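Chemist: Quick paste from Swiss-Prot:
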type	residues	note
BINDING	212-215, 390-397, 434-437	GTP binding site
COMPBIAS	16-28	compositional bias 'Basic residues'
COMPBIAS	288-327	compositional bias 'Acidic residues'
COMPBIAS	328-339	compositional bias 'Basic and acidic residues'
COMPBIAS	344-359	compositional bias 'Polar residues'
COMPBIAS	633-655	compositional bias 'Basic residues'
DOMAIN	164-441	domain 'CP-type G'
MOD_RES	Ser93	phosphoserine
MOD_RES	Ser97	phosphoserine
MOD_RES	Ser252	phosphoserine
REGION	1-31	region 'Disordered'
REGION	253-359	region 'Disordered'
REGION	625-655	region 'Disordered'
Amino acid sequence: MGRRRAPGGGSLGRVLIRHQTQRSRSHRHTDSWLHTSELNDGYDWGRLNLQSVTEQSSLEDFLATAELAGTEFVAEKLNIKFVPPEARTGLLSFEESQRIKRLHEENRQFLCIPRRPNWDRKTSPEELKQAEKDNFLKWRRQLVRLEEEQKLILTPFERNLDFWRQLWRVIERSDIVVQIVDARNPLLFRCEDLECYVKEIDAAKENVILINKADLLTAEQRVAWAVHFEKEGVKVIFWSALAETVHLNGDSKDEVNSVAGEANSSESEDSSLDGNEIPHRDLFLLSEESESDDDDSEYEDCQEDEEEDWQTCSEEDSNPEEGQEEGGCDRDQKEHGPEDSEAQSRASPENSQMSNKSHLVSKQELLELFKKLHTGKKVKDGQLTVGLVGYPNVGKSSTINTIMGNKKVSVSATPGHTKHFQTLYVEPGLCLCDCPGLVMPSFVSTKAEMICSGILPIDQMRDHVPPVSLVCQNIPRRVLEATYGINIIKPGEDEDPYRPPTSEELLTAYGCMRGFMTAHGQPDQPRSARYILKDYVRGKLLYCHPPPGKDPVAFQHQHRQLLENKIKGEELRLQPGKTQKAKQVENVVDKTFFHQENVRALTKGVQAVMGYKPGSGLVTAAAASAENVPGKPWKKHGNRNKKEKSRRLYRHLDV
């Protein structure tokens, strides 16, 4: 027997525990000054359903907040605003866009560019610089006041005074001021106040709008824009620097091939060809100080020969009426001589009032149009100066390089690449002046429109959703799928079946197709957005804004043509009786796999399975009998086909 314990001495702990349990179970508590968790002086949490809530929709979050607000619940509930997911696109609704357009038309007269203050020879450089700063500051305050009072959004215009000073100098020294605009949206890049400022400086100066990238427009679209500007009394010229460069390069290659084929004919022909090649070099190296009168005469003869060659081009075939007018006029001038042509130009008043033509002009036609536009007194005697101005990335430098015949001006896809104006002599008496690109103040609905128009750099954008949403709104779903060969997810059953795809749907499909993935295995939407937006700016995804009064959907002839070509291709493919070979795509992985010289099967375990031995392939009867020889079976001498791990054998296939 063990030692007997004192009665009640060891049960004190159990008594305390039992008392605490009974106290917690009892509902009759006496008031106490002790601070315990059982005080009934707070909110009764027991009546609530304590269910964890980690995610709430916007509506549930609002209703929960309104319920917590108590007395303000009714007032807040009356102001409920349902925000659909499409609101994140950053685009305006139809009603908002119409309202903003009306405000733009009402306040368009307040948009202006800064003027250079009046100066004369007595004005010192310091006084002129201070006056320019004062006028520039006043101009900026006027635009800020317009934004604050009218609640309008202006484009992020140029705020560097030095760029505007270069524009002033280009306008002052130019006889013809050419605004280069993008053919896909000419009204966005056109500045009407710039035309007024040119006339304010000198009424003899001429304004011309050069619609670049006009090869992206169809003939019907060019006619519509020509008629629109004709009604407004503005001279326009349709031009494509890229298409003309390709055309000139093709002609030069044909000339080189023809010269190489006729090189062995006679020595006299070789000497004449050498004489014709020298003026072409003078075209590239021409300057005002180094050329003599003899070289000028040779240059003019060469240019006349090139004009005759150009008139035999396919321009007459594409537009016979206009080709007869242009070509016939030039031939008459060549036949009757320069004196008759000058008399004809003085006699006909049509040269001062030119009608807008919708055909694409060539390099020589463009230079001839410049010479015909300005016939009055020039800023510099004996020299016609043509100033090229406009927004960034509309093709000013590309136009100069095409006219000059080689790379005279640096070109970049990034807007604002040209930093300083420069003058270049095309021929004696004709000078081109390139001005840096200026973002002039204009009304805009959203910043996404400026990114899609190429005004703002794509690589510097912060939010990719609004511009991609604008692309989805302008380009139909079927055109996007046909262009990239992707399948965009269809709208749900409770959605509009004809709604445009969202930016997330397009970027997800494009990213999966191109393999643009993030570190977490999701499609890289920002990277895909940069590719799609650059295709939109380049014209691969083509959308052309119509003139005022035209239906934007009916104006997109290229979309219908693309879809018709796709439907015709599918019909030809599905025609019975025509077996077309399936297009075989050469895959490097498949080609390497099926051309292996050593192919073997691997099995698990150490025993041979159906004639196969691990690591050695098929086991023959002779080899099996040789292995069963008496001796030391545990010795495996010369075992070169021992079992190896599969991950070592095929580690070259691991990615």
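Glycine is no exception: its Cβ is also placed from the backbone N, Cα and C atoms.
From a predicted model like this one, the values you see are computed outputs, not experimental measurements.
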Chemist: Just name the most isolated of the recorded positions Ser97, Asn212, going by other Cβ atoms within 10 Å of its Cβ.
Modeler: Ser97
Chemist: What does DSSP call Ala214 (GTP binding site) in the simple three-state scheme?
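Modeler: Where Ala214 (GTP binding site) sits, the three-state DSSP reduction gives helix.
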Chemist: Reduced to three states, what secondary structure does DSSP give Ser97 (phosphoserine)?
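Modeler: SS state of Ser97 (phosphoserine) = helix.
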Chemist: These are the binding-site residues: Gly390, Pro392, Pro436. Which one scores highest on other Cβ atoms within 10 Å?
Modeler: Gly390
Chemist: Express the distance between the Cα positions of Ser93 (phosphoserine) and Val394 (GTP binding site) as a whole number of Å.
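Modeler: Distance (Cα to Cα, whole Å): 29 Å.
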Chemist: I'd like the number of other C-beta atoms within 10 A of the C-beta of Lys396 (GTP binding site), please.
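Modeler: Cβ-Cβ neighbours of Lys396 (GTP binding site) within 10 Å number 27.
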